[in-house]
Amino acid sequence: MGENATTHHTNSANNGANDNQIGFKSRVSVIGSGSWGSVAAKLVAFNTLNLSSFHDEVKMWVFEETLQSGEKLTDAINRTNENVKYLPGIKLGKNVIADPDLDNAVKDANMLVFVTPHQFIDNICKSLVGKVRSDAEAISLIKGMEVKIEGPCLISTYISEQLGINCSVLMGANLANEIAEEKFSEATVGYRNNREIAEQWVQLFTTPYFMVTPVQDVEGVELCGTLKNVVAIAAGFVDGLDMGNNTKAAIIRFGLREMREFCKLLFSSVKDDTFFESCGVADVITTCFGGRNRKVAEAFARNGGKRSFDELEAEMLQGQKLQGVTTVREVYEVLRHRGLLELFPLFATVHEICSGCLPPSAIVIYSEKKNIFPV
Ligand SMILES: NC(=O)c1ccc[n+]([C@@H]2O[C@H](COP(=O)([O-])OP(=O)(O)OC[C@H]3O[C@@H](n4cnc5c(N)ncnc54)[C@H](O)[C@@H]3O)[C@@H](O)[C@H]2O)c1
Ligand SMILES: O=P(O)(O)OC[C@H](O)CO
């Protein structure tokens, strides 16, 4: 990993894993520039400036758009050093360079951070085929999954398969706006079998206010990050119906149990301990109280399901994207295909409410009706 460089290391105390490869400096690109993408760039850019094993510059690919002022988003980011649309008021670091050209943004990078809404990863990967370094390492911060004809596919697996590179994941209780303001939080890096690579990602993301723990369970970590968005939608329905905290806690508990069962259904290797990391219970909690999925689901329930998620998302999130509604459709598809919907009443009900087949109030009666949860 890395590339030949003639620059001398000046800060050997901070070098970490790449220090073993004298003369190599890693180059990092961030693919995505929404609210979390911009925070990821900020975290990484802080470290590339301070670690001599990295080139200072961090390229951030921007899905180009024109702002109301007529200025291109990329130009505005590079002029102000802020993502004025998705993370206004937060300086990213002068070494973050926004680039609307995907090929150019990844050129030369040997560490690729994927952080776009999951519905766009298919097109992004397809256009990157043959364009990334063969020795590159990737990490996915994307909370979602792909469902293909052959079955469900994790985003990290999809990236690996499309681009022929290894892909780790970083998930956790990470509301972007809070980390942007440097409020303490934790995250989990999920890795497959190379601990050294995991340590490099930990080193690249860790800051005094962002604590990162590696866990050898890429599937468990990624599926936790993906499925908690479904639980957050259920929690939003409960809030929209003014059901109170006890009901919300019950929904969270049911949700966590279905998350674990779904993970193990797909991958028997998933570890129980993973659910106690930041990517597990902590992310469920933060998302069910402070996330966008919860917020829009609350509005959906308050409107009695009469306004669609698409409409509410566009109105309430100004370009930011929900992952939960798409994810629960994908989860439903997997369960339906395997004849297992009855064993996942919360997930099934969330989808049926989102798609208009059931009213939001169904969220609290499904368990009584189906009497499926043991005490
Ligand atoms: N925001 C958070 O607090 C947070 C925290 C942790 C993880 N995540 C995850 O990170 C991922 C990225 O979310 P985000 O919050 O950075 O994004 P966001 O929802 O804030 O912004 C949406 C992004 O999608 C881009 N976009 C719109 N149309 C596009 C297209 N056709 N092709 C490619 N990109 C397009 C926009 O330019 C923008 O960058 C998601 O999987 C999300 O679940 C988000
Ligand atoms: O705002 P949400 O609902 O997309 O959740 C954001 C993060 O995933 C919380 O960790």
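Count begins at 1; order follows the chain as displayed.
Cβ coordinates come from backbone N, Cα and C, glycine included.
Unlike curated entries, TrEMBL annotations are predicted automatically.
From a predicted model like this one, the values you see are computed outputs, not experimental measurements.
Record check, TrEMBL: substrate site residues include Arg292, Asn293, and the candidate from Lys107, Lys126, Lys131, Lys143 also listed there is Lys143. The Cβ of Lys228 (active site, proton acceptor) lies under 8 Å from the Cβ of Lys143, Gly255, Met259, Asp283, Val284, Thr287, Cys288, each on the same chain and at least six residues away in sequence. Ligand 2 lies under 6 Å from the Cβ of Asn293, out of the binding-site residues Gly32, Phe63, Asn293, Lys321.
Pairwise Cα distances among Gly32, Ser33, Gly34, Ser35, Trp36, Gly37, Phe63, Phe120, Ala176, Arg292, Lys321, Gln323, the recorded NAD(+)-binding residues, top out at 21 Å. Counting only same-chain residues six or more apart in sequence, the Cβ atoms lying under 8 angstroms from the Cβ of Gly34 (NAD(+) binding site) belong to Tyr86, Val115, Thr116, Pro117, Gln320, Lys321.
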